[in-house]
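Below is one structure; the comments refer to it alone.
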Amino acid sequence: MLTLLLRRGLSLKVLRRRVDEAFPREKTQPIMRPDDANVAGNVHGGTILKMIEEAGVIISTRHCNSQNGERCVAVLARVERTDFLSPMCIGEVAHVSAEITYASKHSVEVQVHVMSENILTGTKKLTNKAALWYVPLSLKNVDKVLEVPPVVYSRQEQEEEGRRRYEAQKLERMETKWRNGDIVQPSLNPEPNTVSYSQSSLIHLVGPSDCTLHGFVHGGVTMKLMDEVAGIVAARHCKTNIVTASVDAINFHDKIRKGCVITISGRMTFTSNKSMEIEVLVDADPVVDNTQRHYRAASAFFTYVSLSQDGRSLPVPQLLPETEDEKKRFEEGKGRYLQMKAKRQGQVEPQA
């Protein structure tokens, strides 16, 4: 494709400009510090998720304001499954690049890649790939969703593939709403390796530094808190060093306003031999607004692995579900695990 366009008389400089106009990109390069990592020096998954979301909101907000009209800010609606391909460590530089890959009438898809660089050796490796969906909200009326400027595709197949991804995520978002009434209940004197033993909650008062221009919580802030709670659940269950392996789709069901008290709750749902699935629920309580009730704001499944001191994978203590609901969630988690395992094997086999 590049050779063909060059043969048609387009200079490389003009070609790059046209590609950048059609598919805008955003790049950031923060260095990882001790407060970004766990005690073993591995960067928290939540820190990486926050960087990914920051790159996504910049490029999507910029695109949504690229034409004359009502000004807006892009708000995170969903994060597709994100795999943590390789650990990032203290002292490494994170290269975060974002690209708009599809736009519907009221939403935009952003693909983000994260590379880690060892600045002593120059070694670079891919650590994360993620797809995020944003919707533009008017600066004048936070409940008004604006139209997204069109994206110019270089191939018709790109638009068709993007539309299929859009329809798939839209359907999955609808399917998660039935879980909105589910809550994590505390338990007295739980036995080790049970759901109740490791379940954890974090309560956070939303302040100005957590929020966008609208006064709503940044999606990256929410994801970082969700990963923190999931990490606590995993550490309590294993009592070893743990790292985020992947995050299933994160659905943001409703906006969280400044001044709300949010409760982030996590519970173990499934364990395989070397991985743990943790469900994380985010509930918001608008304590200064008597007109609005407590509501479910976000939900997701995190997968963690247990590591030895030298970074090797360790066996995970098997979860002991007790109640019928816990047994049901365990079987559902097992289904998701087997589905992803089959998908990974299917991707590897054709290359063999």
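Glycine too: its Cβ is placed from the backbone N, Cα and C atoms.
Quick look at what TrEMBL annotates:
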type     : residues : note
DOMAIN   : 22-140   : domain 'HotDog ACOT-type'
ACT_SITE : Asn38    : active site
DOMAIN   : 196-310  : domain 'HotDog ACOT-type'
ACT_SITE : Asp227   : active site
REGION   : 324-352  : region 'Disordered'
COMPBIAS : 325-335  : compositional bias 'Basic and acidic residues'
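For Asn38 (active site) paired with Asp227 (active site), the C-alpha to C-alpha distance reads 12 Å. Looking just at the domain 'HotDog ACOT-type' (196-310), the mean pLDDT is 93. Within the same chain, the residues at least 6 positions away from Asp227 (active site) whose Cβ sits under 8 Å from its Cβ are His44, Gly45, Gly46, Leu49, Thr244, Val247, Phe302, listed in sequence order.
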